[in-house]
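Structure, as structure tokens:
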Amino acid sequence: MSKLTTGSFSIEDLESVQITINNIVGAAKEAAEEKAKELVKAGPTLFPGLESYRDDWNFKLLDRYEPVVTPMCDQCCYCTYGPCDLSGNKRGACGIDMMGHNGREFFLRVITGTACHAAHGRHLLDHLIETFGEDLPLNLGQSNVLTPNITISTGLSPKNLGEVKPAMEFVEEQLTQLLATVHAGQESAEIDYDSKALFSGSLDHVGMEISDVVQVAAYDFPKADPEAPLIEIGMGTIDKSKPFLCVIGHNVGGVTYMMDYMEENNLTDKMEIAGLCCTAIDLTRYKEADRRPPYAKVIGSMAKELKVIRSGMPDVIVVDEQCVRGDIVPEAQKLKIPVIASNAKIMFGLPNRTDADVNETIEELKSGAIPGCVMLDYEKLGELCIRLTMEMAPIRDASGITAIPTDEELANWVAKCADCGACLIACPEELDIPEAMGFAKEGDYSYLEGLHDICIGCRRCEQVCKKEIPILNIIEKVSQKQIAEEKGWMRAGRGQVSDAEIRAEGLNLVMGTTPGIIAIIGCPNYAEGTKDVYYIAEEFLKRNFIVVTTGCGAMDIGMFKDDDGKTLYERYPGGFQCGGLVNIGSCVSNAHITGAAEKVAAIFAQRTLEGNLAEIADYILNRVGACGLAWGAFSQKASSIGTGCNILGIPAVLGPHSSKYRRALIAKTYEEDKWKVYDARNGQEMPIPPAPEFLLTTAETWQEAIPMMAKACIRPSDNSMGRAIKLTHWMELHKKYLGGSEPEDWWKFVRNEADLPLANREALLKKLEAERGWEIDWKKKKIISGPKIKFDVSAQPTNLKRLCKEA
């Protein structure tokens, strides 16, 4: 091919020639950048790069919240110089040390998660533009601030699909730059990897926001709807008498064609369609903006994937992308369940039938000639999957295929157990399977049944069993009654928080009279089973916190009922309000949680969003009480979501397994010089309480996590009523779950007597006098002296010197 050069040509003498100009590479982004620069009000970081947030914001966070590194091993195996032993402060052959290497390891996981969401967004955006055109409006509900994460990063406020493209290009460009820093001989400083990880986290929330806003607009999902329909959830909701199509993954694009085919052929009441992971959440949002009676169902999280397959219930399985088990094809093949791969990111080595005739492909799959196929043509996919499900069901019913053992087989397998303990050692949850098998030998299967909810369905136990006992099948066999009764309700993902809801709650959140926002997100790698997140959500809802949920957390909360048979979604309203349980949607909907905090700053406080991340994050860190919970986090996406919250000043608590991410961000509360900010009115330094005391940490139990999260909602700007409310909750929860007296550092958060919980104010004043030496005026019941922090209702705390008036 000849090299293109600059020049010109004339069309003056040409006849009957049509010249078509399609996309000009980079033109949309260049035009967007020029448009953003013309903004009258804009912050300093429009279209930021790797260095943009480093000195102005990230290093300020990392100075207070120091990285705590938890290596998985002492070696680095990145290049052919290695493996290198980095223990004992040694450096590798390339010069990197343990801190730098582990900073890179954590950073790599964050950019992997960011790339996953960004690629999801790119796939949806391109497909939806091709299907609906660039002019399709972003109708997301009654809001003017539609895309706060996009706006913060780029200054753009897209109003249709086409206007989203520059933001998508920006994320992809920066991801390339970030990935380059992982190469050997690039970055080696742990703190700079942390800064880059924070930047990548901010990009992740842009990628997620793109993914969700385009699908909400195009697929007619609920639009900021607090009354979104309730959806059936659980394995027990599946009608086994009907053909069953099971969809797994996170990208709902292809599933919408299956649902359209069902509706066009009047099959919605003749077969079941249900899903696992976030595809399940999003298929139940499809065309639900008008609250039509839903027919799609949710089975549950990734932890249920192998359990559902082993049950033999699905007649066809369709996978798209993300959080899909790598052994689905061999597991499904044992039970003659065809597997259809509908996304190029997961193809499982299956034959590609995208260009083949649908009838021929159905015959291949029915006969078992192929275990499954790749189908990337969505029109064909819709027809193929529905027709195949209807035709496979009678074939599989006639054969009676299932992996669940008979009673006789169960007894034989249990008797084979040698009590060697290999399964216990292999289990990531440390389930005492040998003990349960011992009781089963005596005829007591209740211990095995008790493992059902805690088991994450990984089958590591089966792979180490020398007797080749199908342990997962045994657990599922003895839990058949429990599975049949596994029926709950989950509110369909409602989409973003509306501007009106922010206006109604913004003041309460900033003043502290609404105790805080608790965001329960993430994966199912729980240490003690799914009910942990139910307990946590219920406790905070009872105390009038706003509880927002997404993804697996949103599903698992809906699995359990109270004594009256009601789930939390039935007991609490779906609005963004005190005591509201707000299911935002799937994993990509997490962007609306950070978006809500950003909108508090933009709508309530009138702060500029455009290119202004540091100021918005500074506002959130000092004023908006919020804490995330990723109790079962396992994936790279969970790390990128959490890190995107961290750069915005939102702390997150992770479950006990999450130390394997290799890094936490925890402040030293005793270093008083780290707990000073500027008063924006005059630029003077002012002390603040150690709140929040971490940005990223882990807890061992849900009982430990609850008071930790309540404390993490305390903010320097709380007024006295808000501070008293927050102290009440934190201190009560500490006593309830950790036992004994008040937390040892409660007094650090008291600025005057009005900050003290009203119910036991006098008793606490006595403690302050006796234990801390504070001077109390007992006639007026006022604190005369003692607090190091004085309350000033008009103070304007900021970490950014440039925001002070004198600056």
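Cβ coordinates are placed from backbone N, Cα and C, and glycine is handled just like the others.
[4Fe-4S] cluster 4 binding, as stated in Swiss-Prot, involves C455, C458, C461; the candidate among C420, C427 given for that site is C427.
Of the residues C373, C465, Swiss-Prot places C465 in the same [4Fe-4S] cluster 3 site as C417, C420, C423.
In the three-state DSSP classification, C84 ([4Fe-4S] cluster 2 binding site) falls within a strand. C552 ([Ni-4Fe-4S] cluster binding site) sits 30 Å from C465 ([4Fe-4S] cluster 3 binding site), taking the CA atoms of both as reference points. Here the domain '4Fe-4S ferredoxin-type 1' (407-436) has long-range neighbours at 447-448, 450-451, 454-456, 458, 460-467, 469-471, 474, 477-478, 525-527, 657, meaning same-chain residues at least 6 beyond its ends whose C-beta is under 8 angstroms from one of its own. Surrounding the centroid of the Cβ atoms of C417, C420, C423, C465, where the record places [4Fe-4S] cluster 3, the chain contributes additional residues within 8 Å, namely A418, D419, G421, A422, I433, P434, M437, C461, V464, K466, K467, I469, I471.
For the binding-site residues C77, C458, the largest tally of other C-beta atoms within 10 A is found at C458. Take the binding-site residues H117, H250: by the count of other Cβ atoms within 10 Å of each Cβ, the lowest one is H250. A straight line from the CA of C278 ([Ni-4Fe-4S] cluster binding site) to the CA of H117 (CO binding site) spans 12 Å. Across the domain '4Fe-4S ferredoxin-type 1' (407-436), the prediction's mean pLDDT works out to 96.
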